[in-house]
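A.B. asks: I'd like to ask some things about the structure below.
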Amino acid sequence: MATKPGILTEWPWAGLGNLKYLVLAPFACHSIYTFFLSRDESQRDMFYILVLPFTLSRMIHYQLWISISRYRTAKGNNRIIDKSIEFDQVDRESNWDDQIILFGLVYYIGYLIVEQAHHMPVWRTDGIIITALIHIGPVEFLYYWFHRALHHHFLYSRYHSHHHSSIATEPITAVIHPFAELLAYYMLFAIPVFTTVFTGTVSMASLGAYTIYLDFMNLMGHCNFELIPKWTFSIFPPLKYLMYTPSYHSLHHTQFRTNYSLFMPMYDYLNGTVDKSSDTLYEKSLEREAEVPDVVHLTHLTTLESIYHLRLGFASLASKPHASKWYLLLMWPVTLCSLVLTWIYGHTFVVERNLFKNLKLQTWAIPKYRIQYFIQWQRESINNLIEEAIIEADQKGIKVLSLGLLNQAKQLNSHGEFYVKRYPHLKVKVVDGSSLAVAVVLNSIPEGTSQVVLRGSLSKVANSIALALCQGEIQVVTLNRDDYKRLKAKLTPQAATNMVLSNSYNVSKTWLVGDGLSDDEQLKAPKGTLFIPFSQFPLRKVRKDCFYFNTPAMIAPKHLENVDSCENWLPRRVMSAWRVAGIVHALEGWNEHDCGEMMIDVEKVWKASLSHGFCSLTKTSAA
């Protein structure tokens with residue numbers, strides 16, 4: 001929102017939410033009817049029927065730029081601005097598709113009103129030339145002076161400040177404007193269109209090419225990584241005045257009073273508003289190499305839909321805790337293709353970068369889904385991917401690599417111990433995070449609790465929790481005889497007196513639960529039971545009269561920067577204990593691995609995490 005919002009700031013369909021796409025429905029239905037069902041041949045018009053698919057293709061174009069930009073800026077090579085992007089910017093830019101809806105409406109209504117737009121040819125060379133010349137002349141000239149006017153205090157505070165709220169830009173920042181401002185831009189860009197329409201030189205090629213050109217240049221200018229190679233300007237030097245670069249426009253967002261041009265810097269050169277550091281920043285950005293982090297968290301894909309919830313996927317979904325959306329079912333062809341690609345593609349990829357004080361953090365993802373980790377013949381390839389990531393981290397001089405989700409499964413690599421034994425001279429410290437996960441669970445148990453129920457598949461974390469509780473004189477009740485025997489065998493005689501085997505589900509309202517807890521068992525728990533997971537994955541909530549904690553996690557301190565996406569199902573600015581453990585390990589400078597069956601002292605790692613600003617996370621909700 002602008003500083004002092006002016007008239008026509010809000011979009012007309014803002015109150016419709018996700019139903020806003022329905023404003024296009026009447027026109028889309030009419031175009032389909034006239035093309036396929038009308039008996040009047042004169043009503044069948046290729047342009048009219050192509051408006052909808054072309055509008056949808058623009059959304060795909062935008063999404064490709066979002067994904068590529070987020071991937072490149074996370075890696076760091078050729079990145080222009082290091083300033084962080086936070087949730088407020090993601091929320092502010094979540095309506096980027098509004099202008100695409102407006103585009104569809106303008107084309108539909110324009111077609112119905114303007115008779116000369118009917119039955120236009122596919123190609124006319126003269127119309128393409130006229131469009132190009134009018135853009136270079138009137139459009140670029142008028143935009144330059146209009147843009148300068150927008151930086152006058154009156155218009156800036158009411159309209160343009162909304163766009164400039166984003167210092168570190170993303171491609172979609174390009175179209176984040178109040179409704180009135182975007183209408184003005186559309187009027188400018190309509191000049192070449194109406195000129196060709198009323199001179200009879202319009203064609204589908206000229207309209208399509210001009211729209212693609214506007215989108216490409218606009219998105220490229222806000223992508224925050226430099227991609228125009230030097231040789232383009234060496235081969236044709238005048239191109240410097242006819243095409244800007246991402247770094248050129250980036251300076252406008254940091255300096256505000258320079259580089260006003262739309263796409264052609266010649267108007268800045270003519271009017272003396274070129275930023276003096278334009279060439280320097282361009283060359284510096286081109287030379288910038290990929291960033292080497294201090295800490296890497298190695299995760300993987302979870303559900304088939306998780307590809308869309310990644311930071312590289314849909315920004316609006318990534319900025320919220322992972323939850324299934326019905327409309328993602330419509331994308332099953334893309335989902336299926338992504339699944340096939342994960343069977344073929346064999347390398348980790350960078351998902352996210354963060355900054356914790358002076359510590360550089362990155363998240364890498366293994367291109368495998370959760371289901372693949374349970375397929376026997378997939379385990380070798382997954383282990384190879386994890387091993388390659390650890391070796392790469394070691395070669396790059398990365399300090400710590402933490403294993404997230406199933407990348408540390410016992411049946412896969414013995415909680416990471418496999419790699420440490422295979423490469424005894426590793427400099428990078430491998431952390432499975434179990435110590436902090438145990439500490440988080442222990443500190444989630446309400447004060448005064450004297451008895452807890454332990455259910456679900458036993459794990460390294462579960463065993464350590466049971467040991468700590470029994471030693472602390474808190475009774476641990478298990479309902480399975482085999483679990484009881486395995487747990488008791490690992491306890492001292494004194495601690496073993498607090499391990500209890502019971503047939504009753506009503507012994508306690510505090511349940512520590514892991515993978516494998518069935519819905520039936522949840523239903524047998526007493527009313528008001530508090531379910532505290534110790535597993536990597538969340539419990540399916542089946543009770544409305546009980547309370548459910550998140551999986552072991554902690555709230556990140558304010559000085560953790562560049563946080564614009566949620567970690568799987570966790571709330572905003574909340575990190576899994578396994579991920580936090582890697583950060584704390586590096587901050588403390590611990591020169592040992594924390595993986596395998598051994599663990600760092602639980603109390604030690606808990607106090608260390610608190611000292612660095614991480615906070616305990618309370619229960620989230622009832623089901």
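Backbone N, Cα and C atoms are what each Cβ position is placed from, and that goes for glycine too.
According to TrEMBL:
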type: TRANSMEM; residues: 19-36; note: transmembrane segment
type: TRANSMEM; residues: 48-68; note: transmembrane segment
type: TRANSMEM; residues: 99-115; note: transmembrane segment
type: TRANSMEM; residues: 127-146; note: transmembrane segment
type: DOMAIN; residues: 135-273; note: domain 'Fatty acid hydroxylase'
type: TRANSMEM; residues: 183-210; note: transmembrane segment
type: TRANSMEM; residues: 326-346; note: transmembrane segment
type: DOMAIN; residues: 452-614; note: domain 'Very-long-chain aldehyde decarbonylase CER1-like C-terminal'
A.B. asks: Are there residues at least six beyond either end of the transmembrane segment (99-115) with Cβ under 8 Å to its Cβ atoms? List them, or say none.
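C.D. replies: For the transmembrane segment (99-115), the sequence-distant neighbours (Cβ-Cβ under 8 Å, at least 6 residues beyond its ends) are 13, 20-21, 23-24, 27, 31, 45, 47-48, 51-52, 55, 58-59, 62, 175, 177, 182, 186, 190, 197, 211.
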A.B. asks: In terms of Cβ proximity under 8 Å, which residues at least six beyond the ends of the transmembrane segment (183-210) contact it?
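C.D. replies: Apart from its flanks, the transmembrane segment (183-210) reaches 8, 46-47, 50, 54, 102, 106, 114, 116-117, 120-124, 126-128, 130-131, 134-135, 138-139, 142-143, 146, 177.
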A.B. asks: Residue list, the transmembrane segment (127-146) vs rest of chain: Cβ under 8 Å, 6 or more residues beyond ends.
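C.D. replies: The answer is 184-185, 188-189, 191-193, 195-196, 199, 201-203, 205-206, 209-210, 242, 260-264, 266-268, 271.
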A.B. asks: Treating G and I as helix alongside H, and B as strand alongside E, what does DSSP give for the domain 'Fatty acid hydroxylase' (135-273) in helix, strand and coil?
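C.D. replies: Tallying H, G and I as helix, E and B as strand, the rest coil: 96 helix, 1 strand, 42 coil.
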